[in-house]
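A.B. asks: So TrEMBL lists the following for this protein:
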- Asp152: active site, proton acceptor (ACT_SITE)
- Lys61: ATP binding site (BINDING)
- Asn157, Asp170: Mg(2+) binding site (BINDING)
- 33-311: domain 'Protein kinase' (DOMAIN)
Amino acid sequence: ADGLCQRLFAPCKPKAFQQPWAQDEWEIPRDTLKMVKKLGAGQFGEVWMGYYKNTQKVAIKTLKEGTMEPAAFLEEANLMKQLQHERLVRLHAVVTKEPILIVTEFMVNGSLLDFLKSDAGKKLKVNKLIDMAAQIAEGMAYIEVKNYIHRDLRAANILVSETLHCKIADFGLARIIESEYTAQEGAKFPIKWTAPEAINFGTFSIKSDVWSFGILLTEIVTFGRIPYPGRRRPQPRGSAAFQRASEVSPVVFPPGMTNPEVIRNLERLYRMPRPEGCPAELYEVMMTCWKEKPEERPTFEFLQNILNDFFIATEGQYEMQP
C-alpha cells in the first residue's frame, strides 16, 4: 500500500501537546525518596545523598524556597533531560511540586575539586590526570555539537565516579544558543574561570567555555589549586622572615590574586605561568584555550583528540617506569 509495511485501517491519533513538566515519566512521588546525608549547600539549595524506593542510591538537589523561581530551577532538569551522554551526569527524575527536587545519579567520589585534594587524588599520576581532562573534553564536545554552552565549567562542577570517570554537572547556567549568549545585567560569574569577553561584555559562547576548560586544566594538574595564585615573594636570606619561612615551608606564596586584580591583569594580556609539574605540551594546550580572540581557540573535539593522544603517550612513559 504505497510503500507502507502494513495497510492502515484507522487514522493515527495525533499526539496531544504535552505541557512542560506535566506529570510525565520523569515525575516521581516525593515519598519514594529518602534523604540520608547532606553533601553540600549552595546559594539556591542543597544536595543530598539519598535513596529512591529504598534501593537505588541517588543524589537529590533541593530548591531553597524563595531563592529563585521554580520554573528556572526546573529548567536545569529539563536541560539535563535533553542532554544524554556518558560524560554528563544523568537525570533520573524530578518532583515538580514545591519543595521541588531534582534527582540524579550519585557519584561516589564527589566533586573533582574535592577529590583532587584528597589522599587518593593526590596519588594520581600525570597520565591519569590527562585522562580525566580528556573525559571532560569529550563531554563538552557533545555539548558543543548540541549547540549548548555550560557557562560554569570548573573542577567544582565535575563529579567523579567510583571508577574515576568524570562527568559534567551543574547545568544551572547552561543555555542553548545559536552562536553566543549575552548575560543579563547583574548576572554573577566565577571571575577566575571566565573568559575576558564574558567578563567585559557578558558575551558567552562555546569558546568562552574553552577558556574555562584551560583554567580547569590548571586545577587538575595542581590538584585543586585556586587559579591565579600569588607569586613567590622573595625574602632576604638573613631576614627573620626568611628563617621562619624555611622552617615552615620551602616556598612562601602570598594570597592569590583578587578578582579585580585578575581582570586588570587579563586586560594587560597576562596569562598564568606553567604550573609546577605541568608537562610543557599540556601547558601549550592551556595557552591555546586562552587565546585573546575567541575564534582562535580550539574546538572541544580537537581538545578531546589531542588530550587522548597525550594520554596514550604518557601512559606508555609511566608503564616503562619502575
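Any Cβ shown, glycine's included, is placed from N, Cα and C.
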A.B. asks: Measuring Cα to Cα, how far is Asp170 (Mg(2+) binding site) from Asp152 (active site, proton acceptor) in Å?
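C.D. replies: One finds 8 Å between the Cα atoms of these residues.
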A.B. asks: Using Cα coordinates, what distance in whole Å links Asn157 (Mg(2+) binding site) and Lys61 (ATP binding site)?
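C.D. replies: Given the Cα positions, Asn157 (Mg(2+) binding site) is 14 Å from Lys61 (ATP binding site).
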A.B. asks: With every protein chain in view, how many other Cβ atoms are within 10 Å of the Cβ of the residue listed as 'active site, proton acceptor'?
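C.D. replies: Summing over all protein chains shown, the residue listed as 'active site, proton acceptor' has 19 other Cβ atoms within 10 Å.
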A.B. asks: If one measures from the C-alpha of the residue listed as 'ATP binding site' to the C-alpha of the residue listed as 'active site, proton acceptor', what distance in angstrom results, rounded to a whole number?
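C.D. replies: On Cα coordinates alone, these residues lie 17 Å apart.
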